[in-house]
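According to Swiss-Prot, the protein carries these features:
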ACT_SITE  Glu58  active site
BINDING   His61, His123  heme o binding site
DISULFID  Cys35-Cys42  disulfide bond
DISULFID  Cys189-Cys195  disulfide bond
TOPO_DOM  1-6  topological domain 'Cytoplasmic'
TOPO_DOM  28-54  topological domain 'Extracellular'
TOPO_DOM  76-91  topological domain 'Cytoplasmic'
TOPO_DOM  113-123  topological domain 'Extracellular'
TOPO_DOM  145-159  topological domain 'Cytoplasmic'
TOPO_DOM  181-214  topological domain 'Extracellular'
TOPO_DOM  236-243  topological domain 'Cytoplasmic'
TOPO_DOM  265-272  topological domain 'Extracellular'
TOPO_DOM  294-317  topological domain 'Cytoplasmic'
Amino acid sequence: MQRSLKWFASTTTVAMLFVLIGGALVTKTDSGMGCGRSWPLCHGQWIPDDITPQLVIELSHRLVSGLAAIMVLILCIRSWRVMGHVRETKPLAVLSFVFLVLQSLIGAAAVVWGQSDFVMALHFGISLISFAAVLLLTLLIFVVDKKFSPTSLQLDGQMRFHIYGIIIYSYLVVYTGALVRHTNASLACPSWPLCAKSRLLPVQFHEWVQMGHRLAAAVIIIWIAVATVHAARYYREQPVIYYGWIISLLLVLAQMVTGALVVFTELNLYISLAHAFFISCLFGVLSYLLLLALRTRRRPATAAGRSVEDTASAPLK
């Protein structure tokens, strides 16, 4: 595998991460209209006359997104040519580019015509799918060259249930978090983990949005913890699964801590961006576990108290 392709794939993955964080920055700083109702230009000008912080943030996000789109397109073409024989290459290439274009169109439509908060909450999730596809494509590039090549795996039905269920549910959690941001409900509840110390239940829309996200987040934390315990009991001999869940648990706990700190610090910008960063990384790890699950054969359920048998090493094909 060409070394240049590895470097380019890694750089493209980082660029996509900047797109995600940049989008969160635009939302957190309320810079979505920094360029007015003009797209792709700012206020209909190549070089705007009145430079404001919101304009700089919005324009920078557009430039980074445009550059990332070009890089993703090049990566798709190169990976298609070099490793088109790998069955996941073409679907991942299509997903990465199509969803990146889709999120750009939604962003442009929001600027020019405006969109509801419920539609705009999809924006981050769509970008997240594109990021995950690029990340998996990058990992495949290294795997094909027999680096980062995991052992051949056998997953029982319970582990498959955790992998499939958690990644689908995590997307719901991402949507509720994005809805919190777009409805300006981040500080609707001044207390944590309850909405207010004086009462148990929310009483108005923004509080329900905030508490709905907290409840969804609590469920995924517990679910990932359960999956991690299962991996620790039966998959220690398969490090890619065992450590994948350990990392997922650490990331979701970091997500919980930064979520609480967002409330306690009253929307500190750096903590808010860290919150977006951790969920992006978590979704990436879960996506890799999904890829592994789709590639592996099923094995009989593990008997209680027994560990998974060692399996022979084999490169992914």
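Backbone N, Cα and C atoms are what each Cβ position is placed from, and that goes for glycine too.
On the structure: features taken from Swiss-Prot.
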| residue | record | CB count, 10 Å |
| --- | --- | --- |
| Cys35 | disulfide bond | 24 |
| Cys42 | disulfide bond | 21 |
| Glu58 | active site | 25 |
| His61 | heme o binding site | 23 |
| His123 | heme o binding site | 23 |
| Cys189 | disulfide bond | 21 |
| Cys195 | disulfide bond | 20 |
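Secondary structure by DSSP for the topological domain 'Extracellular' (181-214): 12 helix, 2 strand, 20 coil. Taking the residue listed as 'active site' as the reference point, the recorded positions whose C-alpha atoms are within 10 Å of its C-alpha, out of Cys35, Cys42, His123, Cys189, Cys195, are Cys35, Cys42.
For Cys195 (disulfide bond), the spatially nearest entry among the recorded positions Cys35, Cys42, His123 is His123, judged by CA separation. Taking the Cα atom of each, His123 (heme o binding site) and Cys35 (disulfide bond) are about 18 angstrom apart. In three-state terms derived from DSSP, Cys42 (disulfide bond) belongs to an extended strand segment. Long-range contacts of the topological domain 'Extracellular' (28-54) within the same chain, counting only residues at least 6 positions beyond its ends with a Cβ under 8 Å from a Cβ of the stretch, are 61-62, 66, 107-108, 110-112, 181, 267, 269, 272-273.
The two recorded residues Cys35 (disulfide bond) and His61 (heme o binding site) have their Cα atoms spaced 11 Å from each other.
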